[in-house]
Amino acid sequence: MNDKLVFLGLLYFVQGIPYGLQSLLLPVYLRGAGHSLTHIGLTKILYFPWVLKVLWAPLVDRVGTKRRWLVATVSGLALTCLSSAALAPEAHIWGVVGTLLAMNALASVQDITVDGAAVGLLKGRSELGLGNMAQVVGYKAGSVFAGGGLLAVIDVAGWGPMFMLLAFVYFGVALFVWGAPVLDNELLRGQAEGRRGVQSDAVHPWRVWRKLLSVPGTPWTMIYVLTYKLGEQGAVTMFPLFLLDHHMTARELGFWNGVIAMCFSICGSSLGGLLLSQFSIGSLMRRVFVMRTVSMVFQSSLLTVLEPSPLMKGMAVLSLSIQHFLGGLITTLTFTTMMHCTQRAEESVQATHYSFLSTLEVLGKLMFGALAGGLVDWVGFPAAFLIFLVLSAGTALHIWKATDTGALREHPK
């Protein structure tokens, strides 16, 4: 089991690096350069390859091996970083945009492959919880490394050396994957051979979609992953920019939001994996979503304070820490729910099924994240956060109902 956790955690770590660059480093960099919140919000469009990944998931399912796909994508990320190191963002902004888009495309293909491996490797409730903990913690650690740590030192190290460092990290991981014994597992090879034998699905792709949608629990899970982060995503995106406008410098924000708060997120994700081995997922989700709604009430109240003060800065850091802790906990619970649903599908479509659910999860966050900046520019921070709060409360009610009468209801043994 330890080999599985190290393998999954490391791959999800490098997969989180593009997200950290774009979600934590780039917004602060652009805001410091004087760009509007609307323009910053539109950078979410660079995540578009994640929305399309379900289209090429069947190809990854049926062509080649997981080892080859992983080595190719991670090596491609290393080469993309080398290209970025040669570009100056002030003079080659469209070149930087292109490299970030390429990084997202490669990371999305890597995600399909790693998710498919995880579905086959993880067995039982305990392994599912710990495996998804490794997934979320690894991804967030990569995000912290790229978006928090690098933001704190970019003024000193510079753009080029930063991307050179990332290129060396990716090349090292590619070598690790090439020799990883966990991919020699006979069960995974058997599943790959079975998938390559399903020729009728390749000729008639609608059969694949019929199989995906007929998996028990899929309709409810689709709605859930599309909506569970709406309110939280708006707050996570906009509250740090409110602090940048009124209370913190870019360096302070990089430390408190990019490092400290994300460490709390990792702690929340880790706790989620441990709790899943002891308690049912329905009872955990019911309580945690209510706690998230209460935390958003606290954060929204801070928007009324515009004058900088040590007390306000302390309250803001506390709010960010609680928000990221609960967000990390919820993410682990969500990805475990998705993987549990996927394991009910036929082996020939499991990677595609999980990619489909994770695409919807990204789409829900992407759409609202792209619109959040325009909403704040239009109605202001207080009114926008009231909308975020209502959305968060609505998700809590959705979960509450599901634990009583729906997909998360516990059946007596």
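Quick reminder: no glycine exception, Cβ is built from N, Cα and C everywhere.
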Stretch carrying transmembrane segment according to TrEMBL (options 85-108, 253-276): 253-276
In contact by Cβ distance (the transmembrane segment (378-400), the transmembrane segment (318-339); 3 or more pairs under 8 Å): no
When counting Cβ pairs under 8 Å to the transmembrane segment (378-400), the leader among 163-183, 253-276, 288-306, 351-372: 288-306
Surrounding residues of the transmembrane segment (351-372) on its own chain - C-beta under 8 Å, 6+ positions past either end: 41-42, 44-45, 47-48, 50-54, 57-58, 60-61, 111-113, 115-116, 119, 195, 208, 211-212, 215, 218, 221-222, 225-230, 233-234, 237-238, 334, 338-339, 341-342, 345, 384
